[in-house]
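Here is the structure we will look at, set down as structure tokens.
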Amino acid sequence: MLRRRLNRLLNNDERRVDSRTIFVGHRSGSPNDAIIPAKFCDNRIVSSKYTVWNFLPKNLFEQFRRIANFYFLIIFLVQVIVDTPTSPVTSGLPLFFVITVTAIKQGYEDWLRHKADKEVNTYPVTVLEDGRRIRKESEKIKVGDVVEVEEDETFPCDLILLQSSREDATCFVTTASLDGESNHKSHYTVSDIERDLESLNATIECEQPQPDLYKFVGRMHIYKNDQEPVVRSLGPENLLLKGATLKNTQKIYGVAVYTGMETKMALNYQGKSQKRSAVEKSINAFLIVYLCILVSKALVCTTLKYVWQSKPGQDEPWYNQKTQREKDTNIYLKMFTDFLSFMVLFNFIIPVSMYVTVEMQKFLGSFFIAWDKDFYDPEIKEGALVNTSDLNEELGQVEYVFTDKTGTLTQNNMEFIECCIDGFQYKHRDGSAEMDGFCVPDGPVSKPQQKAGREKEELFLRALCLCHTVQVKESTDQNDDQIDGLVADGEVSLQDQRGFIASSPDEVALVKGAMRYGFTFLGLESKNMKIRNSNNDIEMYELLHVLNFDPVRRRMSVIVRAKSGETLLFCKGADSSIFPRVRQEEVERTRTHVERNATEGYRTLCVAFKYLSAEEYRQADEGLREARLALQEREEKLMAVYNQLETGMSLIGATAVEDRLQEEAAETMEALQGAGMKIWVLTGDKMETAKSTCYACRLFQRNTELLELTVRTLEDGGKRREERLHDLLNEYHKKTVQDAPPFKGGVTRSWSCASQDYGFIIDGATLSMVLNSSSESSSHCYKNLFLQICQNCTAVLCCRMAPLQKAQIVKMVKNSKGSPITLSIGDGANDVSMILEAHVGIGIKGKEGRQAVRNSDYAIPKLKHLKKLLLAHGHLYYVRIAHLVQYFFYKNLCFILPQFLYQFFCGYSQQPLYDAAYLTMYNICFTSMPILAYSLFEQHVPMEVLLDNATLYREIAKNAMLRWGPFLYWTVLGVFHGLVFFFGVRYLFTNPALQDNGQVFGNWSYGTIVFTILVFTVTLTLALDTRHWTWINHFVIWGSLAFYVFFSFFWGGIIWPFLSQQRLYFVFANMLSSVSAWLVIILLILVSLLPEILLMLFRKRRGPNARQPSECDLLQTSRLQL
Amino acid sequence: MMASSYNAKEEDGPHSGTPGLGGAAVTKSKKPDNTAFKQQRLVAWQPILTAGTVLPAFFVIGIFFIPIGIALFVTSNNIKEFEIDYTGVDADSPCYSCAKDFSWNSTTSCTCSVDFKLEQPFESNVFMYYGLSNFYQNHRRYVKSRDDSQLYGDLSALTNPSKECEPYRTSNGLPIAPCGAIANSLFNDTLELYYVDSNGTRKEIPLVKKGIAWWTDKHVKFRNPGGNDNLTVSFEGNSKPVNWRKAVYELDPTDSENNGFINEDFIVWMRTAALPTFRKLYRIIQKKSSNTATLPSGNYVLEITYNYPVLSFDGRKRMILSTISWMGGKNPFLGIAYLTVGSICFFLGVVLLIIHHKYDTRNTSADIPS
């Protein structure tokens, strides 16, 4: 009740301030309004977690939230408080060590974050204050400050563009690090602003910060000397986002609207939450099982103790009186402390050292990634980078791969490949091109040695040169990476190094392609487009209209008037939108080319043109002007005019542009799919582009049936969008899920038996409809349908995604049934959110800044490295850590089980079987090194084999080695070993006279014999499992056994002054002097190892479908190769 | 852990200035070393357990274990052991009255004698053990109730025994030496063995009380405070354990090398047994000459000074006579276990061999060379 009221209050509060008012330059708008200094957050970016003051409590709190740490803390406290069989030091010291190391590590990480924050926050910026330019630190920018930004600087906060140094009141911006689009975008100043910002008196009213990068709604009130304030609307085109970079504009002034953590960039970054690997979850599950075992053991012992004591003379025989304090203790309290004592006695079953070892293994193991020379990229002179080692094994468990397109799959480097004019193919061949730029066509379709007419060729090239919105970069002296210095065909002197800027990289590629063939676009001068033709003559065309590109029409046109006075319309666009609008007889010849190019992964565009008569042009001109002035339904009206204009054209040809894929992108994707991973491409890019990339990467094959769910398909049906969405989802679901052939067995993944491959395409807008559907129930249902469809598709393409949407998708898949392990790979800041969201985030050290790398868990130089990272490293890490975990539980079970059994023979008195030194050292020294070495060096299958056989990856899929089956196996093994150790020695001790001089052995000898068998058996069990014996394994395995023997001699050889009891004095040496002890040790070790040896043979014997033989065959072949 | 990463990150060098969005970082070349270790290409032995390798192992184990098992079994069977319970639970047993009328305060000790007959002569050295049952020497409260530094002759521990000795730490205000429950409950029955020859005369059999404790215990771990002489002076400030009849320096007044803390009976008792039913070496009967048996067959009398009450906790007392072999006392377990395991291995070897030859001819050629 109270909460509801509180909520309502808060909601009211929020509603009240759903917009914010900003006083530009902190000057009050109208003279009679005083500034109410609204409180906005400052421009500080805080990514750090701790401060000096809260570090200790917060960090300790977080560490003890881990179930294991908390458990050890409890055990430690019990040992301190209650009289227990073992000293508190045995558990306190390791715990302290673990906590300290972790705290130091986390503190160091946070210090680095502080440092990075500080670097960002103290970056100098220029702020206009009272007409003066003041240098400030970035963090001191307040909302309302007028900030000056120069070329190639990034914006320090979200700004409303007030003034630009460019004459057309625009500025260019690249948002590569925000959404991955590296092209230049124009932003506009607010119109009607005086040149003198000093006298500008305005307020801005805008919405509260929200993470959508493409949305912004605001109003600007401009007050001019007591006149009625002028109101201008503000949209995303006026807003410069923090993180974007100013390009091609000398400087701009803008007023800060969102600062610091309220900027859209910051809102798009989720906090870097601590990622936990699935292995850790398994460990926790096993831990709980063992906790239950532990508690039940303690309960059993406590109960039996009191049952046993109830018999007269047992509890307190004359030879073993209780102390006065014990007698005084309340019986129930006594029971409780007995219970706790048993807990402490058996607590070694969950050793703190396991966590230390796991951490060490992860930490040391991750070096192998950084050391791998295959990950070294000579271009950037860097290898792989490991930001967190907690997730090594997760690399072997990936089921879903989410990849960015731009910069990850592709190099974002468009190149003109070929064109087809009038049905004849022209392929550019480097170096050997003739003056006219055309080489002999060699396509299978066109007849050799044939060319289209010269006139057609020139028309085509003119069209390429004219039909675009490219701008020529003004500064030609500057030679930065935007200018691809293209030297055309030997005419160095004539061709300037020319840089082009366009909103789409394809256009640049086309213009450059035309340039290669001799037609150079020189620029736009007061509505006149200048081109230089192949005869080096300058041609001028008056640009009359640009019919802009939009994703629904999927084409753009220009209307130009040539010198000769004739008016032409050039149109270029996707084949599907051009072909219906040209004369049909021309289509067929071109269509084959276009389709072939498309399946090869090129981005194809068709070019068409038509002559406009004076009358036609007049009508068009009128229509366009009218539509543009319309206040209502402007878009629709424009569209109508466009559609009317772009008809009856004649097709000239088609182009093919390649977005160059990363090296081995297709091979990598194929290998990953072979390994059973589902690949989703999440991109902010246009659908066509992304689709062609998918084809090029062989994610979509030629026979893949594409299921599209985009704005376009939704609008096709003519129904309401929601209905259409519903229909489509159901239809696709039917197709992919219901009609799919049933799988043979649940374990095999779908791709192997799916007869028809499906590819799924969805765009951002539709996705948000699916995810945030109006009604709660349908949204849930849509989500499910969507997920099921996607799970049955070989590849999924999501285009037009905002960064947060990418994360949303990842999150959705992550939380879907079976909680599959997801991996995100990307290179730009727009990928950061999904990198953070996925189980494993991988950054590519690409061109788009290092934000992704910094937020990733692993960073690799190239996409192709992903294959080895997952298939070889990931696989091995997983096998290693899984074995490590199972082995640890096993070895502590058979360590503690004899101690538990011993309670039945010592009156349930919590008497430890082993000496305290053995109890402490067992996990630290005697058995820790071999498993650590194993978990670092084991290669049950050589790396080359893993790389060559992607299917091997599936054998460990779904956490195969850490499921209950293997866990049960190890537990049974541990129990068996424990029983063998204890009862073997127990029967030996029916007559404790084991020496040939008739002397007898006591309880510590008993424990030592059991312990010796234990150490040897446990180590040899590991040795049996080791498939890859390097000298380190040999050294560590035999070394730790030798160390055990040496230590036992040493420990028993001296009267230690600091020990209150010399329990083990010469016990070990005496044990070795007994032949019986030797014999029993050998016997019991062998008996313990026998089942495993047999099992190994048996496993091998199951024929070709068993896993082992295939592996061993592989091994053998690989060894033969060596 | 992230140290590796951050090392790497720092090497990224200063960021070139774009705030927050890390511009092109200046990197120095850090090409990974091409060493076998770093590339995980260390030379490695890659053993695979195949029938080819395991089969011989099984046979070898069988071949070794079965003879060992036979030897053990035979040895164990050849060991002569005689055991007699003298607790006196039944009314007709000789020590019944001693057991029943036991009182801590009695000044006179109760004696009883048990007659028994050895059917077979004991040829070699005979070891005399006393055995206790249902006596929890391995109880935690009991095991820790001792002060090893006191027993090591530490003078400060003599005057101020360890807290672990409670409630047997002090008595009448004086520190107890030796303190603790173990020492306090020292087994103090005296056993004497007489041979009754055919004409009914008893002949005492000499029992050697040296060499029953571990050498290291006797000579290093246990020491009298201030040397072995003048024990009375050394233990002047101490009280005897509450259940003892005599002080520690009176354990063996005849032999200063066996008195006080280094009394071997005491040392043997102080080595706590592993299980609640245990035996401890009491005396050794040494073989006198090669042609007569150490204990010839015939009638014997065991004379017991009955000081040690066990009925209160339902315990039992036994006297055991046993010969010893290289494997220690009589214990058939090892022999049987070795025989069983050896046979199982051998059997498995045979079964595997059959399977191997029958079903796996295809793999054999590939497996065996490895």
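These residue numbers are counts, starting from 1, taken along the chain as shown.
In case you wondered, yes, glycine gets a Cβ from its N, Cα and C as well.
Per TrEMBL, the features are:
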type     : residues                                                                                                       : note
BINDING  : A:D404, A:K405, A:T406, A:E507, A:F549, A:K572, A:R603, A:T683, A:G684, A:D685, A:R800, A:K806, A:N830, A:D831 : ATP binding site
BINDING  : A:D404, A:T406, A:D827, A:D831                                                                                 : Mg(2+) binding site
ACT_SITE : A:D404                                                                                                         : active site, 4-aspartylphosphate intermediate
COILED   : A:617-644                                                                                                      : coiled coil
DOMAIN   : A:853-1101                                                                                                     : domain 'P-type ATPase C-terminal'
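Counted over every protein chain shown, other Cβ atoms within 10 Å are most numerous around A:R603 among the binding-site residues A:R603, A:R800. Confidence over the coiled coil (A:617-644), given as mean pLDDT on the 0 to 100 scale, stands at 80. One residue stands out among the binding-site residues A:D404, A:D827, A:D831 for having the most other Cβ atoms within 10 Å of its Cβ: A:D831. Under the DSSP three-state reduction, A:T406 (ATP binding site) is assigned to helix.
In this structure, the C-alpha atom of A:T406 (ATP binding site) lies 8 angstrom from that of A:D827 (Mg(2+) binding site). If you count neighbouring Cβ atoms within 10 Å for each of the binding-site residues A:T406, A:N830, the highest count belongs to A:N830.
Largest CA to CA distance in the ATP binding set (A:D404, A:K405, A:T406, A:E507, A:F549, A:K572, A:R603, A:T683, A:G684, A:D685, A:R800, A:K806, A:N830, A:D831): 31 Å, whole number. When each of the binding-site residues A:F549, A:G684 is scored by how many other Cβ atoms sit within 10 Å of its Cβ, A:F549 comes out lowest. Taking CA atoms as the reference points, A:G684 (ATP binding site) and A:D827 (Mg(2+) binding site) are 13 Å apart. Here A:D831 (Mg(2+) binding site) is positioned 7 angstrom away from A:D404 (ATP binding site), judged by their C-alpha atoms. It is 13 Å from the Cα atom of A:R800 (ATP binding site) to that of A:D831 (Mg(2+) binding site).
Rounded to a whole number, the C-alpha distance linking A:D827 (Mg(2+) binding site) with A:F549 (ATP binding site) is 28 angstrom. On a Cα basis, A:R603 (ATP binding site) lies 24 Å away from A:D831 (Mg(2+) binding site). Classification of A:R603 (ATP binding site) by DSSP places it within a strand.
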